[in-house]
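Feature list (source: TrEMBL):
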BINDING   His136, Thr137, Lys278, Asn287, Arg296  substrate binding site
BINDING   His170, His215, His270  divalent metal cation binding site
Amino acid sequence: MVKPIALTLGEPAGIGPDIAIAAWLRRKSDAVPPFYLLGDRAFIAARAKLLGHELPLVDAGPGDVARIFSEALPIAATGHPATAQPGDPDGNSAPAVIGSIRQAVSDVMAGHAGAVVTNPIAKSVLYRAGFAHPGHTEFLAELATANANPPQPVMLLWSPDLAVVPVTIHLPLRDAIEMLSSRMIVDTVRIVVADLRARFGIPNPRIAVSGLNPHAGEDGSLGTEDQTIVAPAIATLRAEAIDVKGPLPADTMFHEAARRTYDCAICMYHDQALIPVKTLAFDRAVNVTLGLPFIRTSPDHGTAFDIVGTGHASPSSLIAALRLAARMAGSTPSA
Ligand SMILES: NC(=O)C1=CN([C@@H]2O[C@H](COP(=O)(O)OP(=O)(O)OC[C@H]3O[C@@H](n4cnc5c(N)ncnc54)[C@H](O)[C@@H]3O)[C@@H](O)[C@H]2O)C=CC1
Ligand SMILES: NCC(=O)COP(=O)(O)O
């Protein structure tokens with residue numbers, strides 16, 4: 001029997017509950033794989049009502065989902081009530097947000113769920129409540145290990161049009177440039193190549209690596225990092241027979257013809273990677289964490305506080321995330 005997907009609550013004041021409800025309502029038309037939502041049933045019922053739906057919500061564990069999903073939205077209680085109002089985040093709901101993520105990871109690590117899909121969190125709200133991790137990506141890596149050496153998580157934004165990976169993730173731009181190293185680039189590309197082979201069925205992934213500076217440094221006259229950090233990493237990866245090219249000027253590597261020449265673009269910092277993919281495929285792109293011992297995907301967007309409870313939140317990216325997670329769960333995990 002196919003294992004269900006554990007879907008986290010996300011920020012309760014955000015659109016996570018709206019799109020989870022919408023995804024369940026589209027379960028037949030969009031072939032949404034069975035999932036259960038880890039959250040507070042009364043809270044979800046109230047959001048559904050605000051959106052104009054009287055939903056059948058059933059308390060359920062992962063083992064009940066296959067039986068229930070076609071008729072009701074399965075809810076797994078986490079024991080933490082959510083109190084935030086639509087569009088108005090409140091730090092008191094932080095335990096509900098974090099407890100949902102913890103329980104989803106526990107379920108997938110125990111083999112009860114096939115994958116974790118996360119709804120968006122508002123990072124600054126959690127930081128103010130004492131959350132010490134930059135985002136899901138880094139938190140999930142910590143939860144994935146019982147010891148002090150978490151795996152290196154890699155953020156992949158996957159879409160039919162473009163796949164991108166930022167080498168540095170949730171860092172102020174100044175710190176990202178400071179921290180960038182050949183070692184980080186090499187480690188990131190190795191994880192990307194292993195997971196593209198094992199989980200995406202691409203036997204020989206073609207990798208394009210961006211430069212850091214304008215024009216990839218213009219032979220050192222617009223910054224030296226492309227020559228001293230990026231190029232040596234590419235040489236190391238080529239010596240491992242990885243199909244990799246670069247450093248490429250980031251402003252010209254995303255046009256249509258260029259995109260056809262690679263399977264994944266490796267970028268040096270968050271916005272260099274996420275701007276092109278969100279521009280091309282905002283409603284289709286999926287955030288995937290590579291390098292973990294379990295599958296985690298997420299919609300590409302955030303909490304969208306401006307449209308919570310209005311019915312305007314599109315569940316497309318969440319549905320793409322659920323479908324991709326199910327597809328990946330059916331493939332052979334990397335060793
Ligand atoms: N995976 C995660 O947990 C992520 C969380 N965030 C968090 O989201 C919060 C807000 O971030 P923003 O930069 O404002 O980005 P956002 O993605 O929440 O919103 C940007 C714009 O896109 C619209 N939008 C977003 N998702 C939509 C959807 N499904 N349907 C229709 N319109 C949609 C919003 O209404 C808004 O106008 C931040 O606190 C950030 O930390 C952002 C990205 C990912
Ligand atoms: N901009 C992408 C993003 O913030 C997602 O981060 P994460 O919470 O999935 O680590």
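Placement of Cβ uses the backbone N, Cα and C atoms for every residue, glycine included.
All features noted in TrEMBL, drawn onto the structure.
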residue	record	DSSP (3 states)
His136	substrate binding site	helix
His170	divalent metal cation binding site	coil
His215	divalent metal cation binding site	helix
His270	divalent metal cation binding site	helix
Lys278	substrate binding site	helix
Asn287	substrate binding site	strand
Arg296	substrate binding site	strand
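When the CA atoms are compared, the binding-site residues lying within 10 A of His170 (divalent metal cation binding site) are Thr137, out of the candidates Thr137, Lys278, Asn287, Arg296.
If you measure from the Cα atom of His136 (substrate binding site) to that of His215 (divalent metal cation binding site), you get 32 Å. Selection of the binding-site residues His136, Thr137, His215, Lys278, Asn287 by a Cβ distance under 6 Å from ligand 2 yields, in sequence order, His136, Thr137, Asn287. Rounded to a whole number, the C-alpha distance linking Thr137 (substrate binding site) with His215 (divalent metal cation binding site) is 30 angstrom. Under 8 Å, Cβ to Cβ, and six or more positions away along its own chain, His215 (divalent metal cation binding site) finds Leu222, Pro249, Asp251. All protein chains included, His136 (substrate binding site) registers 25 other Cβ atoms within 10 Å of its own Cβ. When the Cα atoms are compared, His270 (divalent metal cation binding site) and Asn287 (substrate binding site) turn out to be 12 Å apart. Within the same chain, residues at least 6 positions away in sequence whose Cβ sits under 8 Å from that of Asn287 (substrate binding site) are Met155, Leu156, Leu157, Trp158, Thr297, Ser298, Pro299, Asp300, Ala321. Cβ-based crowding with a 10 Å cutoff singles out Arg296 as the top-ranked of the binding-site residues His170, His270, Lys278, Arg296.
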